[in-house]
Amino acid sequence: MTAHEVNFDGLVGLTHHYAGLSFGNEASTRHRFQVSNPRLAVKQGLLKMKALADAGFPQAVIPPHERPFIPALRQLGFTGSDEQILDKVARQAPRWLSSVSSASPMWVANAATVCPSADALDGKVHLTVANLNNKFHRALEAPVTEALLRAIFRDESQFSVHSALPQVALLGDEGAANHNRLGGEYGSAGVQLFVYGREEENEIRPARYPARQSREASEAVARLNQVNPQQVIFAQQNPEVIDQGVFHNDVIAVSNRQVLFCHEAAFARQKVLINQLRTRVDGFMAIEVPAGEVSVSDAVAPYLFNSQLLSRDDGSMLLVLPRECQDHAGVWRYLNKLVAEDNPISAMQVFDLRESMANGGGPACLRLRVVLTEEERRAVNPAVMMNDALFTALNAWADRYYRDRLTAADLADPLLLREGREALDVLTRLLDLGSVYPFQQTGAADG
């Protein structure tokens with residue numbers, strides 16, 4: 001059956017700021033306390049979406065979350081009106097204010113893991129929400145992510161959205177950032193590669209930074225998504241690269257159809273994995289970047305592998321890269337050599353995503369890939385699909401509500417909270433989502 005990959009990109013939230021919340025993500029740590037520009041951030045993301053949509057790659061949007069997230073502060077024991085809580089936490093525990101104000105939901109590669117209908121035992125598209133429990137600011141996301149996905153993939157005859165796994169370390173799940181699908185045509189059955197960093201009773205794990213994904217979680221997600229057991233491979237990421245800042249697999253590898261583009265040090269027992277894939281995937285091609293040409297640190301710094309690999313109508317592939325790759329002499333030299341060689345990657349497109357990149361999220365972090373047949377695509381909420389009208393409307397919306405300068409101190413401003421809620425209220429109407437945010441369901445009561 002004919003199917004296409006649709007990229008659902010996250011909209012950057014109104015409280016996008018640099019707080020260094022993500023230990024193990026070196027870009028996040030390096031840019032802590034810099035002044036951010038939320039309006040520029042959301043527009044950089046929109047420009048990427050629109051350019052790719054105009055080039056024939058189907059695009060859609062996933063909205064940001066409510067931030068600052070007052071219910072989480074109430075859970076932590078702060079009381080009073082919303083405004084009083086903001087004032088208290090800013091004075092007593094500013095780190096918590098930064099955490100509940102994180103715009104990290106924009107990196108929707110961590111929103112869920114997706115199984116196309118061609119791979120599912122019941123013939124439906126499955127999405128399992130990620131619990132993201134390694135980081136407090138990200139562990140807040142799952143309930144609203146689930147509500148948003150249900151509002152977008154609302155036809156239960158075509159889609160099954162599953163709640164996140166229990167919030168325990170044993171079941172740490174980071175979503176599609178640790179998942180690859182390989183195969184031929186999108187509409188044909190493929191092989192799903194689940195990548196984990198640790199498993200219980202296995203001492204092979206990183207020493208410096210946490211391994212966020214467990215094998216136990218990956219296996220549970222595969223079951224929830226009803227992936228045909230004959231179409232699954234579980235592989236461990238090389239713990240040594242996790243300790244060099246590769247906190248998700250999409251920082252060291254990217255796949256599309258029959259191609260796996262990765263660093264030669266990406267996986268533990270990489271030769272065994274490559275041979276497995278070669279046996280299971282017709283026409284499989286591994287493009288392994290040698291450390292002698294690009295070191296792991298040189299690949300991580302400009303996010304070489306946090307790129308998008310997209311199929312064009314003629315069968316060739318386009319590599320979508322952050323501008324930082326072009327600015328890195330060694331990486332850019334390697335890439336120009338790559339596209340000149342005999343392989344499916346024949347073109348590159350560079351985007352300025354500086355605001356997201358400084359927090360540790362490149363092109364691949366910003367998108368959730370969903371393979372859909374034409375019938376399934378018609379069943380998606382049409383209001384989220386990117387086109388000229390939506391691009392214009394979202395830019396006008398951003399101009400109205402987003403600030404062009406934000407510091408950690410600004411997060412305590414009650415006006416920022418009100419601006420955000422008003423903006424999301426307008427956005428849910430624009431995207432026909434219904435009442436998906438807690439403040440909409442409670443009337444934003446001060447109690």
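Cβ coordinates are placed from backbone N, Cα and C, and glycine is handled just like the others.
Here is what Swiss-Prot records for this protein:
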- Glu174: active site (ACT_SITE)
- His248: active site (ACT_SITE)
- Cys365: active site, nucleophile (ACT_SITE)
- 19-28, Asn110, 137-138, Arg212, Asp250, Asn359: substrate binding site (BINDING)
>> Taking 10 A as the limit, how many CB atoms besides its own sit near the CB of Asp250 (substrate binding site)?
In response: 30
> Nearest to Arg138 (substrate binding site) in three-dimensional space, by Cα, is which of the active-site residues Glu174, His248, Cys365?
Replying inline: Glu174
> What's the most sparsely packed of the recorded positions Ala19, Leu21, His248, counting other C-beta atoms within 10 A?
Replying inline: Leu21
> What are the non-local neighbours of Asn110 (substrate binding site), defined as same-chain residues 6+ apart in sequence with CB under 8 A from its CB?
Replying inline: Ser104, Ala130, Leu132, Arg138, Glu141, Glu174, Gly175, Ala176, Ala177, His248, Cys365
> When the number of other CB atoms within 10 A of each residue's CB is tallied over all shown chains, which of the recorded positions Arg138, Cys365 has the maximum?
Replying inline: Cys365
>> I want to verify one value. Collapsing DSSP to three states, which class is Asp250 (substrate binding site)?
In response: helix
>> DSSP secondary structure for Glu174 (active site), reduced to helix/strand/coil, please.
In response: coil
>> For a quick check of packing: other C-beta atoms within 10 Å of the C-beta of Glu174 (active site), how many?
In response: 29
